[in-house]
Amino acid sequence: MAAAAVVEFQRAQSLLSTDREASIDILHSIVKRDIQENDEEAVQVKEQSILELGSLLAKTGQAAELGGLLKYVRPFLNSISKAKAARLVRSLLDLFLDMEAATGQEVELCLECIEWAKSEKRTFLRQALEARLVSLYFDTKRYQEALHLGSQLLRELKKMDDKALLVEVQLLESKTYHALSNLPKARAALTSARTTANAIYCPPKLQATLDMQSGIIHAAEEKDWKTAYSYFYEAFEGYDSIDSPKAITSLKYMLLCKIMLNTPEDVQALVSGKLALRYAGRQTEALKCVAQASKNRSLADFEKALTDYRAELRDDPIISTHLAKLYDNLLEQNLIRVIEPFSRVQIEHISSLIKLSKADVERKLSQMILDKKFHGILDQGEGVLIIFDEPPVDKTYEAALETIQNMSKVVDSLYSKAKKLT
């Protein structure tokens, strides 16, 4: 019985590159076959077949079948060790969730697995699955639920020895706080995660996630784009080494750093590099267009890139936030360049030069006047901008402060001399 299963499994593996459907059918037949619990070889072959079948279903985009497989194998899990059962469930669930197929059953399936782990009294597996559920809540923007479950899980994990899972949950907490714009707490959670990670060996995926979050926090809080770039590069190498789909995201963030550092010319060199070449596509093209617009200081090209690559740029909250700031800076630079030769200019004329609506130009000019980017007033009655010369800096206060400082030194000197005489 076991020998026949081994032969079938080997045949299924040999068909992986030529006929995936046939390979899936063979693996299905092995998985559905009843086996004797005391037949170790048959149990091992069935376990390998389940993992191989799960991987194939994920690669071929069969999310519903993969979800069904996860439920179907539960009775078999009682015939293998708890550690192997936990690995099998986690692997299948990770494959299902990493597909990002948006079936709408992700949370439900995860909760079912958690309930099964609770009923079987498998604490470690339950904690691992709850960590995955926190991640799922984060991905579906259910931030309060993510924080609530995450804080419960953290209290449990700090009493136990699973440091890798603790790092994972601390990272998720940091991501959630960042999504809620609570940067101090996001940074504190990240610091905790890095401290815990320093004491253990981090698998490549976890290390890459840690580097990615470090880059995001450095970019968001400190605007330290050079440090952020080095973190994103480390994350990219980590994800690339395990063929993770998140590698392209870290590459996008690397390109974003180059744009924000005012070195858009480096973007082309990065994209055509050996490591990044395999990720060429719409994601990288979007950032290349933004880099070109930034280099040419062209608002029209910038807006065209945002329209043409809406999904790649606007739907990513990290890129969208920073590109909004870049657009704002670019608009200010363009406006200052346009109004520089004038002392009085029609707003209509400015809007025609930079190809933006009159209302948008008026709103931005008002903001710039309030921020003291230049001195002037808007005459809305006549629809003109009146620009004043920059007033000379009044140095009276500086001179007064300098005089007081010098007098203070004289008084101190006289006091020390008088003290010596007494």
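Note that Cβ sites are derived from N, Cα and C of the backbone, with glycine treated the same way.
Noted in Swiss-Prot for the protein shown:
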type	residues	note
CROSSLNK	Lys274	SUMO2 cross-link
DOMAIN	224-392	domain 'PCI'
MOD_RES	Ala2	N-acetylalanine
MOD_RES	Ser14	phosphoserine
MOD_RES	Ser23	phosphoserine
Rounded Cα-Cα span from the residue listed as 'SUMO2 cross-link' to Ser23 (phosphoserine), Å: 34
Lys274 (SUMO2 cross-link): tally of other CB atoms within 10 A of its CB: 6
Packing count at Ser23 (phosphoserine) (other Cβ atoms within 10 Å of its Cβ): 20
Coarse DSSP state, helix versus strand versus coil, of Lys274 (SUMO2 cross-link): coil
